[in-house]
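Engineer: Got a structure here, written out as structure tokens. Questions coming.
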Amino acid sequence: MTHRRTKLFMMAAVVSYVMTSCGAVPINDLLDRASQRSDQLHSLSTTLSQELDSHFPPIGRVIMPRPSMCHTSALQTPNDKTQALQVSESELLSLARSLLQAWADPLSALSSSAFSLPHPAQSSIFNKVREMQEHSKNLGDGLDILSGKMGEAAQALSSLPFRGNDVGQDRISKLINFHFLLSCFRRDSHKIDSFLKVLRCRAANTQPEMC
């Protein structure tokens, strides 16, 4: 019993140290790290899309759902940098966190589907999806810390439920639905990256036209 209490005390001390250390990091540095991670995440999704394109059936481009069908499309977000610069810092962070959180289940669905995806680069695709999951989680943890420093508005989250766990049964359906889901993630990862870059720019007191 004494050993167990000692172990629990040590774990609590480690958690306390980590939280204190994170709390001591300036917002500018946290935004730099978050921006770097979001850039890596978007770059990875782009590379994965290109890899998937190498053996994507032509019919797939014709019947693939439109971007407006992405499960995150209901969230109203700035369409470009000019609009993003008009949104408050707290709201931008809230939007980035909402988008990222909305991809926890879809990324799991992509990971499960990639395990048996009918594609010559299946193994590479599977590994990249797992890597995206890891990057997404790490980024989410960082944004949670940031939101705690930026007030209640930054901590607000919009619910964007995902109901498409089954990507299909036949080869064509699997490839098309996988590609569609990945294209949605690539679009959203670009938004997240853009929002965080605007936040980083503002934190550095850079002139808006230079962001």
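Using N, Cα and C of the backbone, Cβ positions are placed for all residues, glycine too.
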Engineer: If you pull up Swiss-Prot, which of Cys70, Cys211 shows a disulphide to Cys184?
Structural biologist: Cys70
Engineer: I'd like the Cβ neighbour count for Cys184 (disulfide bond), meaning other Cβ atoms within 10 Å of its Cβ, all protein chains included.
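Structural biologist: Step by step: centre on the Cβ of Cys184 (disulfide bond), count other Cβ atoms within 10 Å, giving 23.
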Engineer: List the Cα distance (Å, whole number) between Cys211 (disulfide bond) and Cys184 (disulfide bond).
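Structural biologist: If we compare the Cα positions of Cys211 (disulfide bond) and Cys184 (disulfide bond), the gap is 25 Å.
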Engineer: If you count the C-beta atoms lying within 10 Å of each candidate's C-beta, which of the disulfide-bonded residues Cys70, Cys201, Cys211 ends up with the smallest number?
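Structural biologist: Each of the disulfide-bonded residues Cys70, Cys201, Cys211 was scored; lowest Cβ tally within 10 Å is Cys211.
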